[in-house]
Each structure stands twice: as structure tokens, then as C-alpha cells.
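**Student:** Take a look at what Swiss-Prot says about it:
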{"type": "BINDING", "residues": "Gly64, Gly65, Arg86, Asn183", "note": "substrate binding site"}
{"type": "SITE", "residues": "Lys29", "note": "site 'Transition state stabilizer'"}
{"type": "SITE", "residues": "Lys246", "note": "site 'Transition state stabilizer'"}
Amino acid sequence: MEELINKAQTLVEALPYIRNFYGKTFVIKYGGSTMGDKRLKEKIMEDITLLKYVGVNPVLIHGGGPAISEAMESMDKEARFIQGLRITDSETMSLVEMVLVGKVNKELVSIINRLGGEAVGICGKDGGLIEADKLIFEDKSIDLGHVGSVKKINPEIVLNLIKGGYIPVISPVGSSKEGDTYNINADTVAGKLAVSLKAEKLIFLTDVDGVWSDPSNEKTRVSSLTVNEVKSWIGEGKIKGGMVPKVEACIEAVTCGVNRTHILNGLIPHALLLEIFTDRGIGTMILKER
């Protein structure tokens, strides 16, 4: 009986959050590093489906780096990186598009639909969603090939899907006005899309428990940071590596009108629900100011 009472209390605890977030849009970035466990993947898709059923409009953007590297290895093609970005020649770009759009995206859509949601998979090329440019380094001698930056987000196709009651699932592949295809950092896409959609929240599901005050100690997670604190920590080297594009996307989002941003460990079952609908939270929230 006590277990049942605790479950009921959990539902009661979620009520004010459900009321506050009803009709709001959450942009959720699901990192490729958290996709390896099929059981956990199912849990995350359950969370997203439940969000839809309680009145939230979830928009899912996914990565897929490990799946791309695995596909390249199966074709005896070496994966090469510069500053964490994949060198993407024309052949690799075709492979990236095939894996992200044709495999990873459709698998996530299929899971959500099987769970009772109505998901539609698209990429940045559909409806002109992501207008991209070639990513240019300050060091002009570095050429990453078909790696792009976001020039413009045209959110109409996503807004129409939300209006129709669907859950958009988006691959971070965009195209230029000239028709060139580009692979774009999914963290960056998520941040810019959240701003364009005037989202209530931007949420990153990654493989660590948020931001740590000591990069070498996972027990030093901080529950919240302001934009100024994040900038300071980047300068001090407390935030580095793959966490940098995530927090930079969070900074842009909250500076441009997104209410809250969160970085969560997607390897924790039901991480989304625990962060959004409980009083405690489990990740790091980044906000404009306290």
C-alpha cells in the first residue's frame, strides 16, 4: 500500500508542473552518445510520448555520431576529426545523411509511434527548415568539407506539425541556397530552433550528469548556473570539450527568450520526467539570471 501511496504522491507533485507547461514547446536534443542502450532509448521515447499526452509539445532533435562512425567502419572508411568535428567529404556526407535521416531518425519515429505517439521524421532540408552555410574556421587552412553552420531557421514546417498534433523528430542535416548538403552540430541546431519556436525549454540529453564544478569529479554537479557563470567557467576551463557547444546553445537560447535550459544525463531512466516534473531535478539548469 505504501508503494501505491508514493506513486500517487509523485503524480500530485507533478500537477503544478503539468499545469504550468500545458501547451508549451520543449526542444529536446537527444545525443548519439546516449543511444547505445535500446532499453534506455525506449525509456526516453516513453518520456517524450508522455509529455505529449500531458499537453506539452515536444520537438526532438537527435545526433548519431557513434552510428555514423560504425557505418564508416563497416565500409572501411576512416573517421577523422578536427577539434571534435568530423571531416566530411562528399562520400562521407552521403553516408551521414543515410544514417541520420534514413536509420536513426526513422528508428526513433517508429518507437514513439509504437508507444502511442504520433511522430513525423524530417531533416533540416525538408520545408527549408535549416538554411546552412559551409562552416569556415578562422584558420583558413582547415577544411572540414560538408560541415555546416546554421544561417537561418525557417520553423513553419515544425509549427505545422505541432499544430497537427504530431511530434517532430529532426535530423541535423541542412542545405544551402545553392543546394549543397551539410552535416550540422545537433547542439547548435537545437539551440537555434528553440529560439525560433519561442520554446519554453531547451533540454540536452547527454552522457554526464550535467555540468560539474570540477571537471574531473562527477560528484560536483551543480544544479543551476547563470549565463555569466557559464561564461566564466568556460574561460577558467571548468567547462570544456563537448560540453562547450551545449552550454553555448543554452546561453544563446536563454538570452533570446527561451525560459529555461537543462543539461541531463540521458543514461538515467526517465531523466526527462525526473527533471521536469519533480521538485528535486537531476541535471543542471542554465538560466539568464537568478
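The backbone N, Cα and C atoms fix where each Cβ goes, and this holds for glycine too.
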**Student:** Which residue among the recorded positions Lys29, Arg86, Lys246 has the fewest other Cβ atoms within 10 Å of its Cβ, if you could check?
**Tutor:** Arg86
**Student:** Cα distance, Lys29 (site 'Transition state stabilizer') to Gly64 (substrate binding site), nearest Å?
**Tutor:** 11
**Student:** How far is it from Asn183 (substrate binding site) to Lys246 (site 'Transition state stabilizer'), counting Cα to Cα, in Å?
**Tutor:** 17
**Student:** According to DSSP, folded down to helix, strand and coil, what is Gly64 (substrate binding site)?
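**Tutor:** Its secondary structure by DSSP: coil.
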**Student:** For the C-alpha pair, I'd like the distance in angstrom between Gly65 (substrate binding site) and Lys246 (site 'Transition state stabilizer'), rounded off.
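**Tutor:** Cα-Cα, rounded: 15 Å.
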**Student:** Do you know offhand how many angstrom separate Arg86 (substrate binding site) and Lys246 (site 'Transition state stabilizer') by C-alpha?
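**Tutor:** One finds 17 Å between the Cα atoms of these residues.
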**Student:** Looking only at Cβ atoms, how many others are within 10 Å of the one on Gly65 (substrate binding site)?
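**Tutor:** Around Gly65 (substrate binding site), other Cβ atoms within 10 Å: 21.
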**Student:** Which chain neighbours of the substrate site, leaving out Gly64, Gly65, Arg86, Asn183, have a Cβ atom within 8 Å of the mean position of the site's Cβ atoms?
**Tutor:** Gly32, Gly63, Ile68, Ser69, Thr88, Val96, Leu100
**Student:** Give me the largest Cα to Cα distance among Gly64, Gly65, Arg86, Asn183, the residues the record lists as binding substrate, in Å as a whole number.
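**Tutor:** Among the residues the record ties to substrate, max Cα distance equals 12 Å.
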